[in-house]
Amino acid sequence: MSGMMTGIPILSILVALPLIAAIIAMFQSANGARWTALIATLVSLALGVLLWMDFDPNGPQWQFVEHFPIGGGISWAMGIDGIALLLIELTLFLMPICIGASWRSIEKRVPEYMAAFLLMQALMIGVFTAQDLLLFYIFFEGGLIPMYLIIGIWGGAERIKASYKFFLYTLAGSVLMLIAMLVMIWTAGTTSIPALMAYDFDPSLQWWLWLAFFASFAVKMPMWPVHTWLPDAHVQAPTAGSVILAGVLLKMGGYGFIRFSLPMFPEASAEFIPFVYILSGIAVVVTSLIALAQNDMKKLIAYSSVAHMAFVTFGLFAFNQQGIEGAMIVMLSHGLVSGALFLCVGVIYDRLHTREISRYGGLADNMPKYALLFMVFTMASVGLPGTSGFVGEFLSLVGTYAVSSWAGIVATTGIILGAAYMLYLYWRICYGRLVHEDAAAMPDLDAREMWLLAPIAAAVLWMGVYPESFMRPMRADIGRLLERVERAKPAGDAHLTAGKPAPAHAAHAETPVAEAH
Amino acid sequence: MNFAPILPELILTIGAIVLMMVAAFMGKRGSNLCSWASVALLLGAVATLGGEPQHAGALFGGQLVADGFSAFGKLIIYLCAAVAIVMAHNWFERDFEHAAEYPVLILLSAVGMSVMVSATSLVTLYVGLELQSLSAYVLASYRRTDDRSAEAGLKYFVLGALASGILLYGISLLYGFTGTTQFEGVAAAFTRDGTTSIGLLFGLVFLLAGLAFKISAVPFHMWTPDVYEGAPTPVTAFFASAPKVAAVLLGVRVCLDALGPAMDAWRQIMTFAALASIFLGAIAAYGQTNIKRLLAYSSINNVGFALIGLVAGGPQGASSVLFYMAVYVVMTLGAFLCVQRMKGEDGEYIESIDSLAGLSQTRPGLAFALAIFMFSLAGIPPMFGFWPKLMVFNAAVTEGLIALAVAGILGTVIGAYYYLRIVKVMYFDAPAGQPYARGGNALETAMIFLFALIVSPLGYLLIGPLGELTGRAAGSIF
């Protein structure tokens with residue numbers, strides 16, 4: 001299939017298409033804007049499918065490369081590897097669902113809403129495709145504007161505070177990264193990301209650069225203790241805003257680590273492993289416990305996001321195949337699952353207009369379809385084998401364990417706590433008796449809602465049962481990344497050694513040891 | 001004597017004198033003629049800037065210079081002046097007796113600014129500055145029946161006179177200790193004596209203090225909010241654009257040319273002024289309720305960023321300052337054009353930020369344009385306002401001034417808050433009070449549209465040509 005799209009600037013088209021649609025939508029009626037947005041996102045998704053089919057996992061590292069110098073040292077340089085490809089697919093997959101989720105729940109200022117979402121899509125695709133450092137920054141920061149508007153205009157009661165917090169927190173994190181980027185450009189003499197990924201910075205300089213990048217990605221991720229903007233933003237944002245925030249925007253942090261911090265500053269990354277692991281460990285335990293105590297559904301899922309993202313940082317800084325692949329799968333899986341969970345919250349919020357968990361209960365009786373799908377996503381979030389969550393978390397834990405047993409133990413606690421808060425949530429909403437009359441009167445999922453949730457459920461199961469589809473495109477790229485960081489790889493405290501095969505007649509005496517490997 | 005290199009100044013001076021007569025004899029009836037003739041003169045002067053004589057080098061025995069730097073400065077200044085005249089034309093439509101003299105004063109001010117950006121001697125520097133300032137004092141108090149305008153004019157005049165005095169004192173010290181008023185001679189004296197000479201050092205400090213007043217850099221910024229608030233909006237727009245560009249460019253030439261060898265001495269001063277302007281401009285804007293005052297603090301804040309490029313020095317730093325000012329005037333003029341649309345049904349101008357509430361619902365186009373200018377002034381990508389900020393920080397990083405760049409960029413985060421507040425009021429709040437009167441001058445609408453387009457992401461297409469222009473202009477002073 002490869003080469004089908006040679007000569008077509010497919011990545012630029014993926015950026016331009018939603019932009020053009022955004023401009024059209026702004027001048028349309030509410031319904032016109034809805035359809036424009038839906039059609040634009042579906043066409044983008046179709047292009048995304050073509051992109052995936054055309055991507056050659058065994059081909060060169062960077063594919064679909066475009067390069068036009070703009071002047072002043074910045075270029076319109078685009079190109080993707082397998083890692084970027086998967087995150088682009090995630091974005092393109094979630095966007096039509098977001099539009100669908102807003103179809104009825106957004107009633108005021110629809111054209112502007114749709115335009116903001118389409119702009120958001122263009123900028124997110126730009127982040128994952130940019131191959132120029134400054135271009136990346138422009139897309140990365142540009143996403144703040146539409147999200148600020150989405151939270152601020154269509155959000156809940158506390159929306160203004162949440163929108164400021166979101167904007168200023170993320171901006172403060174990112175500006176230091178900009179200075180670090182300028183230092184890198186000045187030192188290495190290039191703005192090209194592929195070239196910088198191969199450039200060896202002086203380890204003492206790396207230290208500072210790593211910290212500056214960390215400030216940005218840790219906020220975006222978000223990592224404990226700079227996660228506090230997230231619950232506010234999630235709770236206040238409209239449903240689709242939460243979906244895109246949890247589904248894609250948080251992934252930019254992980255993408256940043258995998259694209260910049262690890263390959264560009266391997267020594268510094270290795271040096272900071274304990275730091276990252278301590279923060280991630282605290283995040284897993286503390287935010288899980290906080291999630292356990294929430295009465296607000298969206299807040300609970302928001303805190304669970306912070307805990308899940310800690311698995312990403314655990315896996316990424318493990319410096320091994322399992323860890324990094326696991327981190328990527330956790331990112332993809334969390335993108336789907338948390339998005340779906342926010343949609344599930346949105347479904348009942350649209351009916352009862354409250355996010356208070358105690359106002360529900362026993363929904364399995366009157367909303368069986370809803371209860372089933374919600375169960376699937378709850379299980380995926382818990383990490384039940386057969387769902388996407390299991391694959392990612394398991395790999396990530398295997399990788400983490402190789403570096404530090406303690407980190408592995410702490411991270412595993414997170415899985416247990418995760419099961420606790422998710423099952424507790426599910427129990428309180430779907431099981432028990434229908435005590436509230438208004439909750440009992442809620443109708444089950446309609447066709448539109450089924451269309452939103454069913455595809456995600458299918459993707460979650462697909463990723464859980466046959467993760468190879470998702471690992472294949474990125475395997476070569478993760479291999480390249482590992483080669484790059486090999487020189488700084490930590491020794492780790494789990495030294496696996498091959499057992500000594502004993503002669504057959506004595507085997508029964510030694511089997512337990514040999515089999516453990 | 002070859003007058004070709006000063007053709008733009010000649011056009012404007014003669015034009016201004018003739019138009020003054022026209023204004024005197026025709027009175028109010030001449031306002032249309034004077035305005036459009038002035039715009040034509042300014043555009044005519046712009047047209048002469050491309051020619052060979054504009055790179056003739058030293059003129060009049062080294063009093064002035066015609067080089068790429070001065071040509072670039074004049075280009076921006078004349079265009080800003082033309083915009084200010086067009087804006088005022090609409091403003092003065094309502095029964096105003098002296099509408100015809102206004103463009104004449106702008107022209108004279110433009111001549112003063114031309115001299116500022118091409119001065120290579122302390123005397124011409126001072127003459128240019130005073131010509132510009134005297135016109136500005138009158139312009140600030142142009143609505144003399146309005147208390148605020150009169151107060152603005154008086155404040156500007158008293159403080160401006162004080163600053164001129166300080167400047168002149170610095171000049172006289174420099175002259176006394178170097179024996180020359182030429183930039184070259186001053187530079188040679190600094191090379192010879194260094195900053196060990198206390199007289200030279202004092203001269204430098206006073207000179208820079210006077211200039212800091214003109215560019216409204218902290219700690220000489222106190223007049224700015226009051227004057228910006230009190231002066232008529234087109235005049236404020238003019239103050240925030242052309243004279244600022246002229247003074248910053250003058251500062252660049254003085255620092256890098258006359259005081260070039262004393263870089264270590266003025267770098268400390270300018271570093272302080274830059275950071276203090278950025279932070280004070282950002283923090284003091286928090287509590288403002290008047291949009292013009294807010295934009296005044298915004299201009300203080302922006303000058304701080306431009307000064308970072310100056311502190312970096314060298315051709316790259318100078319070029320980043322030029323780039324910064326070029327984009328800054330587009331953003332700021334655009335913002336003031338939008339402010340001028342804030343007008344009640346009765347024709348009264350409204351300046352409170354609260355009155356912008358819900359503008360995105362009542363006047364979506366205007367709100368969208370103002371939001372673009374605000375995000376751009378805040379330097380948030382993908383707006384074009386991000387790029388000049390990047391350039392000054394890049395210049396600082398290249399010079400190894402990383403701490404300065406970090407401090408400056410943290411200032412953008414603080415500053416972002418109040419720009420966001422305008423967007424919040426327009427987009428998040430519900431409409432309150434009576435909506436603004438509809439309609440407006442088509443030419444102004446076209447300008448808002450054009451400026452918004454320039455600072456939108458499409459502006460990045462200008463990086464190449466504008467970068468080359470500023471690079472060449474900056475190169476000509478080294």
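From the backbone N, Cα and C atoms, a Cβ is placed for every residue, glycine too.
The domain 'NADH:quinone oxidoreductase/Mrp antiporter transmembrane' annotation in TrEMBL covers B:119-415.
Taken from TrEMBL, the feature transmembrane segment covers B:6-26 (among others).
Same-chain residues lying 6 or more positions outside the transmembrane segment (B:33-51) and placing a CB less than 8 Å from one of its CB atoms are 4, 7-9, 11-12, 15-16, 19, 22-23, 26, 71, 74-75, 78-79, 81-82, 85-86, 88-89, 99-104, 106-107, 110. Under the heading transmembrane segment, TrEMBL lists B:33-51 (among others).
The feature transmembrane segment is assigned by TrEMBL to B:71-92 (among others).
Long-range neighbours of the transmembrane segment (B:104-129) within the same chain, counting only residues 6 or more positions beyond its ends whose Cβ lies under 8 Å from a Cβ of the stretch, are 8-9, 12-13, 15-16, 19-20, 23, 34, 38, 41-42, 45, 58, 62-67, 69-70, 73-74, 77-78, 81, 84-85, 88, 135-136, 138-139, 164, 167-168, 171, 174-175, 181-184, 186, 207, 214, 238, 242-243, 245-247, 249-250, 253-254, 257-258. The transmembrane segment annotation in TrEMBL covers B:104-129 (among others).
Counting residues 6+ beyond its ends, the transmembrane segment (B:156-177) has Cβ neighbours under 8 Å at 122-123, 125-126, 129-130, 133, 136-137, 140-141, 186, 189, 193, 197, 199-200, 202-211, 213-214, 220, 222-223, 227 in the same chain. Residues annotated as transmembrane segment in TrEMBL: B:156-177 (among others).
If you look up TrEMBL, you'll see B:198-217 (among others) marked as transmembrane segment.
Listed by sequence, the residues of this chain that lie at least six past the ends of the transmembrane segment (B:269-287) yet keep a Cβ under 8 A from its Cβ atoms are 205, 208, 212, 217-219, 221, 225, 255, 294, 297-305, 307-308, 310-311, 404, 407-408, 411-412, 414-415, 417-418. The transmembrane segment feature in TrEMBL is assigned to B:269-287 (among others).
The transmembrane segment feature in TrEMBL is assigned to B:294-315 (among others).
Among the features that TrEMBL reports, transmembrane segment is placed at B:321-339 (among others).
Feature annotation from TrEMBL assigns transmembrane segment to B:366-388 (among others). Here the transmembrane segment (B:366-388) has long-range neighbours at 298, 302, 305, 320, 323-324, 326-328, 331-332, 334-335, 338, 341, 356, 359-360, 412, 415-416, 419-420, 422-423, 426-427, 436, 448-449, 451-452, 454-460, 462-463, meaning same-chain residues at least 6 beyond its ends whose C-beta is under 8 angstroms from one of its own.
Same-chain residues lying 6 or more positions outside the transmembrane segment (B:400-420) and placing a CB less than 8 Å from one of its CB atoms are 271, 274-275, 278-279, 281-283, 285-286, 288, 294, 297-298, 301, 304-305, 308, 311-312, 374-375, 377-380, 389, 392-393. As annotated by TrEMBL, transmembrane segment applies to B:400-420 (among others).
The annotation transmembrane segment is assigned in TrEMBL to B:441-463 (among others). Listed by sequence, the residues of this chain that lie at least six past the ends of the transmembrane segment (B:441-463) yet keep a Cβ under 8 A from its Cβ atoms are 83, 86-87, 89-90, 327, 330-331, 333-334, 337-338, 340-341, 366, 368-369, 372-373, 376, 382-385, 387.
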Inset, instruction - Please indicate, using numbers and ranges, the residues of the same chain that are 6 or more beyond the transmembrane segment (B:294-315) and have a C-beta under 8 Å from a C-beta there. - result: 215-218, 221, 224-225, 227-229, 236, 240, 244, 248, 251-252, 255-256, 263, 267, 270-271, 273-282, 284-285, 288, 321, 324-325, 328, 332, 335-336, 339, 353, 377, 379, 388-389, 391-393, 395-396, 398-399, 401, 404-405, 408, 411, 415, 418-419, 422, 471, 474-475, 478
Legend entry - Same-chain residues at least 6 beyond the ends of the transmembrane segment (B:321-339) whose Cβ lies under 8 Å from its Cβ atoms: 69, 72, 76, 80, 83, 87, 233-234, 236-237, 240-242, 244-245, 248-249, 252, 291-292, 295, 298-299, 302, 305-307, 309-310, 351, 366, 369-370, 372-374, 376-377, 384-385, 387-389, 391-392, 444, 447-448, 451-452, 454-455, 459, 466-467, 470, 473-474
